[in-house]
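> Sharing a structure here in structure tokens format.
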Amino acid sequence: MSFRFIYGRAGSGKSKFCIDDIEKRLQEDTNKQLILIVPEQFSFQAEKSVVEKVKGTGITNVKVTSFERIAYDVFNEVGGSTHKIINSSGKLMLIFNIINNLKDELKVFATAANQEGFVNNISDIITELKRYDVTATELRATLNLIEDEFLKDKINDISYIFEQFQESLHKNYIDSEDELTLLYRKIDTSKMFDGAEVWIDEFSSFTPQQYKILEKLMEKASRVNITLCMDYYRVIDGTDVFAPTKRTEEKLREILKEKDVKLDKPIILNNDDVNRFKDSSELKYLEENYFKYPYKPYDKTTDDIKIIRALNPYSEVENIAKEIAKISMESNIRYRDIAVITRDLEGYEKIVKTIFDEYEIPYFIDKKKEIDDNPLIVLITSVIEIFNKSWSYEAMFRYLKTGLSNVSKEEVDLLENYVLAYGIRGKKKWQSPWEYGNENILEKINEIRIKVSEPLIKFSSKLKGKSKADEICSAVYNFLCSIGVNETIEKWVYKFKNEGNQALAKEYSQIWNMVIELLDQVVEVFKEEELQLKDFVKILSLGFKDYKMGLIPPSLDQVLVSDVERVRTHEIKLLYIIGVNDGIFPAVSKDEGILSDSDRGSLKKIGIEIAEDTKSKAFEEQYLIYRTLTTTQKYLRICYSIADYEGKALRPSIIVSRFKSLFPKIAEESDNIAMDYEEENIDLISREIPTFNNLVSVLRREDNKVKVSPFWSDVYKWYSENPRWKETLDTVFSAISYTNAVDDISEEKIRKMYGNKLYLTVSRLEKYAQCPFGYYIKYGLKAKERKIFALTPPDLGTFMHNVIDEFSEVVDKSGFKWYEIEDKWCKDTVSEIVDRKAEESAGGIFTSSARYKYFTERLKRVLIKTILVIIEHLKRSGFQPIGHEVGFGNDEKYPPIEIELSSGEKVKLIGRIDRVDKLDMEKKDYYRIIDYKSGNKDFSLSDVYYGLQLQLLTYLDAILTNEELKDREEALPGGVLYLKIDDPIIKGKRNLSEEEIQDEIMKALKMKGLLLADEEVVKEMDRKIEGNSLIIPARINKDGSLGKSSVGTEEQFRLLREHVKKNLIKACEDMLKGDIKIRPIRSKNADACTYCLYSSICEFDTNFEDNEFKVVQEKKDEEVWELLRKEGEESWEK
């Protein structure tokens, strides 16, 4: 028995020496057992290297293995545990169950126990304790030695969970961490290592469990060889890059001394004859000097090493893709000789996929794929969520949209529209026939409902309350079979293979077996234990998140894309390290885990040694940098970004500054300067997709009259003559010349849309004034939003208007005068109307949930308050209602409002106004129009002038000019007013009396609008007016005169009405001309696009030449009156 160290820095040929040594031993004795032990992740590469080097029959005596495989082989030889090995998912499930049962007894972790990720954290610490050979008993024994009370409670919780885990585990299982412990006990009886020579390569450190196995190997093997990546002759302190390896050497020497193992003369590989860097003096210098202080800078220009500075990560990857594409065409470097590695593979993975696909670069991303976003996994968790969350819309359609539910996409879309429109929620509604909506689709909708609900109902019938774990798993399996999931997946796999998508085919061919394996694991762990569904779905989710799918490279000639920690090959000729930015590489360890650095230090002092703290990990990160920088044989590219995707500045890593110090003349490439399209830049020509993208940039520049090189004409010609690209090129041409301008529609089409007899509403003409295109989409094309089962502001407005209208009808029929109505009768009547209308609402939305029922009561309060205010208004006023919901139209009380266009054609305006009031005074009739508003609508003369508020003045004019209403000598305007429907909250600095509160409510609901500038008329509107009115926008000054704001003379009202008519005529004429321009109005406070539903259709963008707002400058009332006066004079002169 002997032991030999093999020393050498990175690239010195340690792995090569081991394989050569194995070949030499094999030639000396073909029967001798020769064993090479490497980390599990190195095993494939090591086996490949051994097979390539060692040939002949003796190869059968050479074994490449890992500690994990040794356990497997020894157990097969001498027998292992009688217990099954639980996988990591099963381990998480077991820990979840333990924590779930113990959480009330935990001191520190009681709250954290319910947090996502806590189970994984506990699993990690248990794994760590086992690997460092710390038992639960030993951990608990430290409690009396710990002074810090919080740490003591934390260790108490951990040891408690650890004890319960070990007890539960060892009843039936062992986990992967127990395997090495069992191997230590079993290896003595194995003959596998008897007389064998062992080489151990690629380890920088070992766990206490592995050290124990090494002790056994030293006892049984003829010789054990271990490689150590370090400089034998260098004095190494605790901060040196080789410090982790040095600590390993010291620990091994302690064991050798304790076991009295003979130490053979070490092998010291000389870096002067280094094999890996024989073709690059720059890389050899880098390996020797990167961590050397002081150092002598490399005084030559670098050819093999470059720094690439990019604008952002996307540009960073595109730069290397261009270079790889060029190198693959111009040199003998194959794709398999190239690696792209990063410390942030998650952040760069999607970018690499996108860009490498564009550049047609074959690649393999070396990572295990998570499965929790696979459609089958989503389906299973969603089905359980359906039952846990009362058949919620979200869970139901997450399930249906997986594509595995045996329901077509078209059926899912139809069903979703219906469910959203009518608020289908809950098992009861899914079981009952649906009867709302269009009868033409009800039969089809109910067929789909049954198709969806029947398997779910059958499934849920087997899961009531708590169910045994094996029963739940069996029900899940039977459900999946009942909807044909496995058959659908098989069809997908076949489809993916036919499409050449081997990666997806491989993923989906494994997923079914993975799910079955996980369900089996649940049954194994929980057996007949009863579980609630909410816990079952958590258990499943833990398992699904833990599962990782190993992928095999589909071809040999591919670029390797990997995390820096997973690069396992030394056959790389060109290495790109991307994301060399501050905080990314080297990584900054922030998460200390359940045990902080301080906790670990305290435990170490009392004899419990576990994994390194974050400070030690920082030194390990330095060693990782060393290993990474010395991976390549010939070329090295250090790549970093100066900004992220949002333009936020990023700093280069300390690695970049170190390179610039070592290599003062290092080449640094940058894409910060815009590409030159004027020169014949052949570098812009590469693969089809990226070259096409550059061509598009050229075409844009040409469109902007910027000079470009003539050679792009040849590029354009190639794409235009290529059948695969011609259509795409034409589309790009159209896009570049696109202005987003909308042409006028022909009169013929306009007539087909709106008909020859034009009936329009004033509110629609207001919409047209706001944006012609928006009007066209809504009323011409009749585009509709997807109907959602919810109360929208328009729904509420309509509901409240209807209640007030019906209340008005009841008042009229009862014979009451408004000023005679008592508060109690008002409240009872409103309440009864609201309740009845709520019951009659489509889909029963007002009674569909406790929230909506509460909202209905709130509506009652609002309406009662508003109607009581209306009653108070009318008690104070000489104006009394002569009509509610007054309609203008063929079948209405009053005929349509007729306007004549300049062509002689007549347009009929139809609609209704909420209320018309009249005052009889001295053979004159004064009329006022009142419009109820549930929002904060204010009257604006400026908006009236621009045609944005037309309704009140249009209806006032119709009333004043209607012959049927003129039973007196003269009909005059009294005013136009908005009345807000609300239940205002009154705030006061002191206790207010009931009368004061009432006054404050009246102020809050004061009507807004325009009144006739006549003191007597105003005083009739508010007979209690003193100073500022509580109910109308008017003021009586101390001298008895009328305030000037919000009033207009008879002449001004006439001019305003005339101007409104002109606005109506112009809007109608523009509409009939086919003007549907994208021309939204913009005013001081808002624009027409703010709440527009059709922005995704019009794609209005002021960057387009023809896309501009129609800006209206807000005008003061005085300015409007002056403009109207001038208009009137001009009309009179004509």
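Counting starts with 1 at the first residue shown.
Glycine too: its Cβ is placed from the backbone N, Cα and C atoms.
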> Would you identify which residue of CYS481, CYS639, CYS771 Swiss-Prot lists as part of the [4Fe-4S] cluster site it also attributes to CYS1089, CYS1092, CYS1098?
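Site partner of CYS1089, CYS1092, CYS1098 for [4Fe-4S] cluster, according to Swiss-Prot: CYS771.
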> With Cβ-Cβ distance below 8 Å and at least 6 positions apart along the chain, what are the contacts of CYS1098 ([4Fe-4S] cluster binding site)? List them in sequence order.
ASN740, PHE773, GLY774, ILE777, ILE1078, CYS1092
> State the Cα to Cα distance, in Å, between GLY13 (ATP binding site) and CYS1089 ([4Fe-4S] cluster binding site), rounded to an integer.
69
> Measuring CA to CA, name the entry from the binding-site residues GLY11, SER12, LYS14 that ends up nearest CYS771 ([4Fe-4S] cluster binding site).
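Comparing Cα positions, the closest of these binding-site residues turns out to be GLY11.
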> Does DSSP give CYS1098 ([4Fe-4S] cluster binding site) helix, strand or coil?
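Where CYS1098 ([4Fe-4S] cluster binding site) sits, the three-state DSSP reduction gives helix.
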> Can you check which residues sit near CYS1089 ([4Fe-4S] cluster binding site), meaning Cβ under 8 Å from its Cβ, same chain, 6 or more apart in sequence, and list them in order?
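Non-local contacts for CYS1089 ([4Fe-4S] cluster binding site): CYS771, PRO1080, SER1095, PHE1100.
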> Would you identify the secondary structure of GLY13 (ATP binding site) according to DSSP, in three states?
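Looking at the DSSP assignment, GLY13 (ATP binding site) belongs to neither helix nor strand, so coil.
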> By the count of other Cβ atoms within 10 Å, pick out the sparsest of the binding-site residues SER12, SER15.
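Checked SER12, SER15; of these binding-site residues, fewest Cβ neighbours within 10 Å: SER15.
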> Determine, from DSSP, whether GLY8 (ATP binding site) sits in helix, strand or coil.
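Going by the DSSP assignment, GLY8 (ATP binding site) falls within a strand, counted as strand.
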> Neighbours of the [4Fe-4S] cluster site CYS771, CYS1089, CYS1092, CYS1098: Cβ within 8 Å of the Cβ centroid, same chain, sequence order.
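Output for this site, in sequence order: PHE773, GLY774, ILE1078, PRO1080, ALA1088, TYR1094, SER1095, PHE1100.
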